[in-house]
Structure formats: structure tokens, C-alpha cells
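Undergrad: Quick one: the structure is below, questions incoming.
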Amino acid sequence: MVVSLAGRDLLCLQDYTAEEIWTILETAKMFKIWQKIGKPHRLLEGKTLAMIFQKPSTRTRVSFEVAMAHLGGHALYLNAQDLQLRRGETIADTARVLSRYVDAIMARVYDHKDVEDLAKYATVPVINGLSDFSHPCQALADYMTIWEKKGTIKGVKVVYVGDGNNVAHSLMIAGTKLGADVVVATPEGYEPDEKVIKWAEQNAAESGGSFELLHDPVKAVKDADVIYTDVWASMGQEAEAEERRKIFRPFQVNKDLVKHAKPDYMFMHCLPAHRGEEVTDDVIDSPNSVVWDQAENRLHAQKAVLALVMGGIKF
């Protein structure tokens, strides 16, 4: 079966089949090899990506800009000051106007509804660079990394420890679609969205994977192949940071916790890391840590998304 993603939005990975996700991962792997051997892949010559940033980012901005450059296209950075949204122009009108100038839109937003509205009114593909609900590009890079290092995704025990946030949501969705055994451990009251839990359970039933939600990090990481964490307070939650530090302290990924995982476990973090909070130096800097490979794979995974949805490559 030929899979074409041309013209598709990428808002949430629940909208994609396992086959479509694998198409992205396989394309990303191909681009990574091509880059390593110096093979040109300027598949988006003359195309432009508008990048809307309501919130700043190192990895998202740099990886998307470099991805478009490698693909022969151009990335246009637009922050809140560059747009008329603050002066009353609607997201719908912004989407309509940008669609007349560019070939795709990537948006990093606070509210997931903003990226949904962009997609509703844009006539070009819209890519979610991060919202408060999901972070699909991160999950694609994460599972690309797991596939590279473990040789498979099916049956791999992926344990997320911390806040049931956007990163957890996308990790749950993609992992259960691809047949992983996904476990999420959070403090009570900080669980993932109920809707995402149901999706994960349904996905696992279809893929042969599994999903489990726990409140005990030690029990969760037992025999883990992958331990993943993220910051305890996301951007916009600064007022809660002190309270969250107290609540999440027992969920810190440290040398005592990782003893319960498999000896060859992988430590993952979407970065930036708050060292000494959600993870200690002796874990993130250990030989088990793959965070830098994971960060690099954002470039390759997003390059695949761009080439596929902007019509540069078809399978």
C-alpha cells in the first residue's frame, strides 16, 4: 500500500495510523543516512515554511530551520510581535493570509485550540510544534531513537515518570500505536488527560502493546527498557513551580530509581532539563543517557514530516 501524507496536518498523532507513523520514521532514517553520507535531498526547493512561535524554543526553531535549509526550502520565523494577533486579527484570518504566501505553517502555541484553528482555516498543511495538549514532533524523534537503539519498538517497555503533560500524551499515543508497552507514573492529581488514557488503551488493544497508569515510580520502572522524564513545571506554570517541586520530588529520576530498570535501560528527556530536579547529573550524563541523540533526531524526524506533508516525497 502506498502511503501519501501530502497536504496533511500534523496536530496530534492520534490522527495518524501506525503505518503512517512508520512511514515518517522510515523517511527520517533515510534522511539521517543521506545527511551522513553527504547525499543532497533538496526536495522542497522554492518552498517556504512559516514558523509561528507564541513561546520560545531552542530545539524546535533550530531543527525546523535547519531541516528546511537541508530540504532546499526557506523557514520564516514569526514571533508574537511579528503578527497582528495581539492587535485583534483573528487566528482564522492569520491562517488565511499566511496560506497565500507560504507552503506550510508550523506553530508552537500555548493553547492547542490555536493550532486546531490554524489548521481549520489554513489551506496549507499545519504542523504542531508544541501545544499544551501534545508534542507530536518530539514523540516522532523519541520513537525514532528507541527504534535505532533497541532495534524495535514493539514490546519495548517505555516508562514515563513525572507530569502527565503534552510530552507524556504524545509518547503514550505513538507508543501504543506502535506496539510498545507504555507505563506512565505520576503523582495523584497530575495524571494525563482522560481522553488520552482511553486512546492509549484502545491503541494498545489494536497493536498488541499495553498501557498502564501508576502512582509508584519504583513499581513503574521495574525492568524498564526506557525511562523518560520531563520538567515538573512547563512554560506558563511558573507560579506553581515551588509547589510542584515538593509534590514531584519522589518522582525524581536518580541513581536509586534507575537501579530497578534493566541494566541496559535508556534514559530519555525532551530537554531542556532542570538538573537536580526531575533528573540528577549522574543519570543524564551516564552512558545510559541518549538525550543528545534524541535531540538530534528532532531534525531528521521533522525533515521527514516536512518532506511528506509538503509533497516533496511520496511512498
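Placed from the backbone N, Cα and C atoms, the Cβ positions cover glycine too.
Look at Swiss-Prot and you will find S57, T58, R59, T60, Q84, R108, H135, P136, C137, Q138, C270, L271, R298 tagged as carbamoyl phosphate binding site. Annotation source Swiss-Prot lists L-ornithine binding site at N166, D230, S234, M235.
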Undergrad: I want the residues beyond N166, D230, S234, M235 whose C-beta is within 8 angstroms of the mean position of the L-ornithine site's C-beta atoms, in chain order.
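TA: Close Cβ neighbours, site residues excluded: L130, D132, H135, D163, N165, V167, V231, Q237.
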Undergrad: Specify the secondary structure state of R59 (carbamoyl phosphate binding site) as given by DSSP, simplified to three classes.
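TA: The residue in question, R59 (carbamoyl phosphate binding site), is helix (DSSP, three-state).
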Undergrad: Using Cα-Cα distances with a 10 Å cut-off, which of the binding-site residues S57, R59, H135, C137, R298 are near D230 (L-ornithine binding site)?
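TA: Passing the 10 Å Cα cut: none.
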Undergrad: Are any of N166, S234, M235 (the binding-site residues) within 10 Å of H135 (carbamoyl phosphate binding site) when you go C-alpha to C-alpha, and if so which?
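TA: Hits: N166.
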Undergrad: Radius 10 Å, atoms counted are CB only; among the binding-site residues S57, S234, which position scores highest?
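TA: For the binding-site residues S57, S234, the Cβ with the most other Cβ atoms within 10 Å is S234.
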Undergrad: Including all protein chains shown, what's the count of other C-beta atoms within 10 A of the C-beta of D230 (L-ornithine binding site)?
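TA: Result for D230 (L-ornithine binding site): 25 neighbouring Cβ atoms inside 10 Å.
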Undergrad: What Cα-Cα separation, expressed in whole Å, is found between C137 (carbamoyl phosphate binding site) and M235 (L-ornithine binding site)?
TA: 18
Undergrad: Rounded to the nearest angstrom, how far is the Cα of N166 (L-ornithine binding site) from the Cα of C270 (carbamoyl phosphate binding site)?
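TA: The Cα atom of C270 (carbamoyl phosphate binding site) is 11 Å away from the Cα atom of N166 (L-ornithine binding site).
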Undergrad: Roughly how many Å separate the Cα of N166 (L-ornithine binding site) from that of S57 (carbamoyl phosphate binding site), to the nearest whole number?
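TA: That separation, Cα to Cα, works out to 15 Å.
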Undergrad: Restricting to the chain of R59 (carbamoyl phosphate binding site) and a gap of 6 or more, list residues whose Cβ falls under 8 Å of its Cβ, or answer none.
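TA: Listed in sequence order: L271, A295, R298.
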